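Okay, structure first, notes after.
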Amino acid sequence: MLFFSLSLPAGAGGWSPLTSDRYQWLEVSLGERTKITAVATQGRYGSSDWLTSYLLMFSDTGHNWKQYRQEDSIGSFPGNSNADSVVQYKLQQPAFARFLRLIPLAWNPSGRIGLRLETYGCPYSSDVVSLDDGSSSLVYRLSPGPRRSSRDVVSLKFKTLRNSGTLLHAEGEEGLSLSLELERGKLQLLLKQGSSSEPRRVASLGSLLDDQHWHYIAVERHSSHLNLTVDKHTERVQIPAEFSHWDMDLGSQKPAISRRNFHGCLENLLYNDLNLIELAKDKDHQVTVGNVTFSCAEPVSIAVTFPGPQSFLQLPGPTASSSAGVSVGFQFRTWNKAGLLLTFALPQEGGVVWLYLSEARLRLQIHKAGRTLLELTAGSALNDGQWHSVELNSRRGRLTVAVDKDEGGVAHASSSITAGGQLFFGGKKDSQECLNPFSIFQGCMRLLSVENQPVDLIMVQQRLLGNYSHLLIDMCGIIDRCSPSRCEHGGRCSQSWTVFHCNCSDSGYSGATCRSSVYEQSCEAYKHNGNTSGHFYIDVDGSGPIKPQLVYCNMTEENTWMVIQHNNTELTRLQPSPGGNQHLVHFDYSTEEEQLSAAISQSEHCEQELSYQCSKSRLLNTPEGSPFSWWLGGPGPGRVRTYWGGAQPGSQQCACGLQGDCVDPQHYCNCDADRMEWTEDSGLLTHKESLPVRSLVLGDIQRPGSEAAYRVGPLRCHGDKNFWNAAFFDKETSYLHFPTFHGELSADISFLFKTTASSGVFLENLGIKDFIRIELSSSTQVVFSFDVGNGPLEVRVESSVPLNDNRWHRVRAERNIKEASLRLDGLPAATQEAPTDGHFHLQLNSQLFIGGTASRQKGFRGCIRSLQLNGVTLDLEERARITPGVRPGCPGHCSSYGSFCQNGGRCVERANGFHCDCGLSAYTGVFCHTEVSASFKSGTSISYTFKEPYELSRNSSALPSSIYSDMTLRGENVSLSFRTNQSPAVLFYVSSYYREYLALLINKHGEDAFILEESRVRSLANGQLHTVSIRRLTDSVSVQVKLPHYFKMIPSSSVVLCCVGQSLALMLPSSESDEMDPDLARLVSLGFAGCLSVVQFNSISPLKAALLHPDTSPVIITGPLVQSNCGSSRDFNALLTVFSSCSVRGGIFSVPFGREWVRLKLYHNTVLTFHHLLRLKTVL
């Protein structure tokens, strides 16, 4: 229905004010309150006059205007592009008002303000009641008798100028009561249990509800929860089930709940569609009213808004008759901590007075000649958005500044001031004489008074009083940008007049709105970041609602295990309990239910050990009979499960029944044999739908002599279906399509890619005008672009290295109401800020294209993996199986992750990920990074015997090559780390059948013929960790000693040994060693006490074989050998090369040949001796 039209016939113009500036407006009276649904604008007929942008204001009284905002933020409406076309806008939420005001913001620069306007809507009827004092109330009592309704709904609209008061009070059974109260302009839901208890706040919604505008409230009660709605925002609240019915009390005083009554108006008060105000008018017996009127008499309160840096209000100061002092009063509200409120000159003293906010406190300063003569401070936390009153008085030598009267504080001084000719509020007109040294004020003011006389702001607006610039008069334009909070995942919201800020500390999330998780989605993801075993927070759905959870990631095996503990993983013994028939055990897990279910769902495999040890205590009986015991498992409280660990679901068997090896063939569990001897039924539960184990019910423990013990292990899962979900696009024209992406106000996208192509579109979704796209624009640049109706916006990240290197790269894009951001690998994020006063919904309607575009141009060639949109992983593999040109999965992970394999570890490809093969390394662990170390005592030794050639040819062993090596050696690579206080000592010894040997010793000084003077190193037998490396290739030998940081070494020159004579070869097979060199035999007899670590001889790791593979390796261990930790070799930062290559630059050397040795003196009391020998028995 058309309600108003300003569209005159051809030849007439429309509305065009005499002056075209931003202080003009067109006001329309609709005669009565109307539901307004749309507006349409057109330029002035036959002219160059039209608006390009405007604001809409609404009011019930012609005062206290409220700006209409699209999407809660967009304030302005786009106008016309010519004088003839009509531009219509349907309001997202209808406006209910009697008056409409249109304020031009911009117009055709070649013309003037010109407008033809139409508004659309329909009549709006309402019933209104006013509650104005302490005795006003409206009470509705339900009819007596039983009620079976499981749902009640109360809805109403209210308006008020007071920020506190009880709106609704409802009473239930057993002393339960519920109240809706205004507190500091917010709506609080309070719950009280019992007459003696204190009310408990269970919800808080809304803000700035004391603005004298209508606000909608709905309370919908179900059996166990309430849905509380304030305006457009709803919150679900759990309540006691006993709250089965209520009586309502509106506006009356309830001392136990609230200290204040509600003052204001209510409209359309409905209880289950029953109009209570209409019943009150009809004097229905169920409704009791006290001192109410069925109309809404609204007080007129004119406010003024200071929106920006050019805003100020200039008023005439006190008259000459009041020159003995000054008295100024006003109220203000703001979110800013700082800003100038009032300033005026002191004509007699030649100074100036500044009244301003600083750190949310009110300060008054008197300046003269650049000096501060006086400073007063009052109030605190004045940037809370509430109205605060300020009174400045100077009389009879006494200066007083009061904030909120007695509540906010009063400051006094023995001084007197007199205002000059003009008072400036909120700022000051630009002048070279006096610049504003303080921040601008952004906020609202009202109830201004000078010399106790109220200021008529309507006269100011009409230019009949004072002066002003860039003000919005007769409205308060404050917005609470933190209600509802746009900060996600518990981020704390704070704000200024123009922007809000999210504090994401301790939330586990980051970004402008705390949307992006700082944690990985699984243990698998942590492993592929290079992490090792430990406790980690995982976030299974990224930006989704599920909170991060702390788990243990075990990365010591080929599979990466996620371990989730519960409250009892130990073996627990049960004694006979004749008084009870069953024993019930409940298991509480370290994560919440939603987290647990999601972690299990995304894992490839989960398992949990279930064990029962018994002595005359039966377990399941037979599949045909009722079980004595069972367990509950699966989501929520779990379902009854009657099978045991190692068996199949529904079988009512144990593992031995499945394998056919139970102690009694008549039963399917060992414990069901009912024998006195202790036996056990145990195994793994691997059916994911049945996990985790929630409860355990044990039934056969009450008989005399019955004993049992149970154990439920932690939940263990490995694999991440989401992390490895991938698709390979082999053509530029291939793509996958999915349903339309929904990211209206906020969206996040993350994925990994690898390619050899230099460009291509990863993702695209289109709307009529809007779109969102992420693409590889060049071999070094990724671009995130979108359009939400206000023009395309692009965010770019440039890489210093090529991105088409066939390695995995990670992309994370996010768009929210504050900014758009793009991250690439570990590079700094690129961001683009959103407009401060506006954001638009992203409106898409086409399918979502992955790896290509709707036009089949600029497609992506390569792999995309782990694609998540708003925390939800898209199943690329499932869609790829049915899509031509796209293949599920993507091999080739070692190119990206192979560098994680350290210390000679070899990267092995897997379908989902990679594995580090440590067979050729002296290290172990998931990345071959864990040192293998052992503590030796004087009687400890390890002998390693090489296999004969014909034995190896007969026996094709699958053991690691660190145990079996090549047969012929033209050189050796020996390395080890040691820690000892013993000298002399043999560290390493290898001998051959040909009486050739190699030995590494720590030898005391005394018999050394050759000393190197080029080095200055302390004793090596000092209990500190040292690393030695020996390299020989034919006749060239080098020795390196790595020294820890606490050694100071000053090598004066490189030290070189020349080798002469024939090349040496290590030949196989070997036999038992011949007699040992007498000198070595004497040292060997002393033994070695200390620690050896990461011992390696070519590809053989004898210490690793002895510790980790003693039963399958050709090793003989003598004496106690204890796995230990010698200390990290990464602490070394000095390297001494003892000799290398073949030219002598200093020192005297002998050649390591046969039984001869080279002695290397490193200091006066300890010598590191290198015996070059060839013998095929390794002794540590």
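Numbering starts at 1 and runs along the chain as displayed.
Positions of Cβ are set from backbone N, Cα and C atoms, glycine also.
TrEMBL labels come from automatic prediction, so no person has curated them.
TrEMBL annotations:
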| type | residues | note |
| --- | --- | --- |
| DISULFID | CYS863-CYS890 | disulfide bond |
| DOMAIN | 1-122 | domain 'F5/8 type C' |
| DOMAIN | 127-296 | domain 'Laminin G' |
| DOMAIN | 302-476 | domain 'Laminin G' |
| DOMAIN | 478-515 | domain 'EGF-like' |
| DOMAIN | 514-566 | domain 'Fibrinogen C-terminal' |
| DOMAIN | 725-890 | domain 'Laminin G' |
| DOMAIN | 891-929 | domain 'EGF-like' |
| DOMAIN | 947-1126 | domain 'Laminin G' |
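Under DSSP, residues within the domain 'EGF-like' (891-929) fall into helix, strand and coil as 7 helix, 11 strand, 21 coil. Residue counts for the domain 'Fibrinogen C-terminal' (514-566) under DSSP (helix as H, G, I; strand as E, B; rest coil) come to 5 helix, 19 strand, 29 coil. Applying DSSP to the domain 'F5/8 type C' (1-122) sorts its residues as follows: 0 helix, 68 strand, 54 coil.
For the domain 'F5/8 type C' (1-122), the mean pLDDT of the prediction comes to 87.
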